[in-house]
Amino acid sequence: MRDLTSATDSASLESDSSRNQFIINSLLPWYSCSEHEFPHRKARKRRSPKNLDWSVSVQMPLVTSKTKESEKSPKSWSAIAKKHVQGDSPVKKSHSVPVPSDRSEKKSFNSSLGELIETYSPSLDAPRPIQPRGFINTGNICFMNSILQALMYCVPFYNLLKQINRMVPYNFERTTPLIESLTMLSRDFREYSEKFDLQGDSILPEVVYSATKGNPRFEMLQTGEQEDAEEFLNLFLDELHEEFVRERRHYLLKNDERNPKSDIKISNGIKSGLDSFDDQSSVEASGWTEVGKNKKPVIARSATVERSPISQIFGGQLRSTLRVPSARDSVLLEPFQPLQLDIQAEDIHSVIDALEHMTAPEILPEWHSSKGNVTATKQMYIESLPPVLILHLKRFFYEASGGTQKNYKPIAYPARLSIPQNVFSPSVRGSIHPEYDLNAVVYHHGTSASGGHYTVDVQQLDKSGWFRIDDTHIHRVPIHDVENSELSADPSLSKLGHGDRVAYLLFYTRRS
């Protein structure tokens, strides 16, 4: 190493040129180029900052200036948070999930979900298979676990959740807690492009459980009481329906469109419709006139349900006809969800038997009319069927001597269900030929209506196989163990202590 204090170096420092050469050759050897070849950095004049106006509407594209650089989307979602909407309401915070790139406008949660509801049509297209995951039972919630599994493996319902995840930003205000909880739960089920054998880790459906807190409909979840799976399904779908209806109304009102008619709950709509047949005078009080059999005029009324994705997926319609001597026939169109099937009669041994029994005429003695008490008849037909047909096999009945009892009768149900034409109303008979594929079966184990245990068999979304799910226990089963499964002995059930299993809820999806 050179001695920087040598006499030679001291002399070289006396002149500027020598000093520069010394620095180049000794101290900074990487600056080895000559002075005239050295790439001097060009001086640039710093531009003065511009005051940008971020007061833009969420309905307009984000434009901050006229330069090409500013025409691009903001690089950070924090920049969007600095904006505010024209008017009184600020921009709502959104989840970290970005708005789809195919949309040129930034939409709020309400407008996005409302638009989706207004334009929604159920999709029967099979998605990719998902990895099965068990649900942890924290105590007497097997009824909820079984219903949630059946819904997750229902193709139109899963496609709906997937569509919401893709198109609607997260809502931090929790105005639709059940919708948001289900979309979040669906993200825990990973999709696969190839077949797989291993199941995912079991999870606690805490997000759904939390969404029910404070809702009086789901008080049984907070008290730890066992609940009937069919009753929970009805309450759950009703609440989902109402959340969708509220968002649709908000969207229509915001866009200055017509105000929808009053909402009628699906489960209550059926009951109120039947109660309206109490007497002939109430039947004739409202409704419209139809031309019935032999061109005889009939009074027709309808218990309508406001449209939502839930009613579009699961909701069907029944036609109930009341015939009273010396009076016009009365017709009531009633919604159903699910379809209740009585199986108590001795001649009912299959789902088809139960459907045909449902449409048999019912004798109503001592019917009160304007001409006194008469014998009337009431007959029920299917007017329309939904994409997903849920059949409730009414296993429990009441006896004055023994209270609520359970019917263990084996009921045959096929993997492919063809609805017979004689169960449809004459007005639609012959015009529709629906066929359904079985995709989930919810079972009840035990003797008590207020207790016991629930499990479920579900078909993979792409129809590649079946899984038997008992809370966190999952294993594959062949289709012949699912079809009419209560007629066959299953060794695994004996080991679990559930040898009294019977089918309780059947989920059928219409063939596309």
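Glycine is no exception: its Cβ is also placed from the backbone N, Cα and C atoms.
Among the features that Swiss-Prot reports, region 'Disordered' is placed at 64-109.
Annotation source Swiss-Prot lists domain 'USP' at 133-511.
The Cβ of Cys142 (active site, nucleophile) has His453, Tyr454, Thr455, Asp471 as same-chain neighbours under 8 Å, each 6 or more residues away in sequence. Swiss-Prot lists Cys142 with the feature active site, nucleophile, giving sequence analysis as the kind of evidence.
Secondary structure at His453 (active site, proton acceptor), taken from DSSP and collapsed to helix, strand or coil, is strand. For His453 (active site, proton acceptor), other Cβ atoms within 10 Å of its Cβ number 21. Per Swiss-Prot, the feature active site, proton acceptor maps to His453.
Across all of the domain 'USP' (133-511), the predicted model scores a mean pLDDT of 83.
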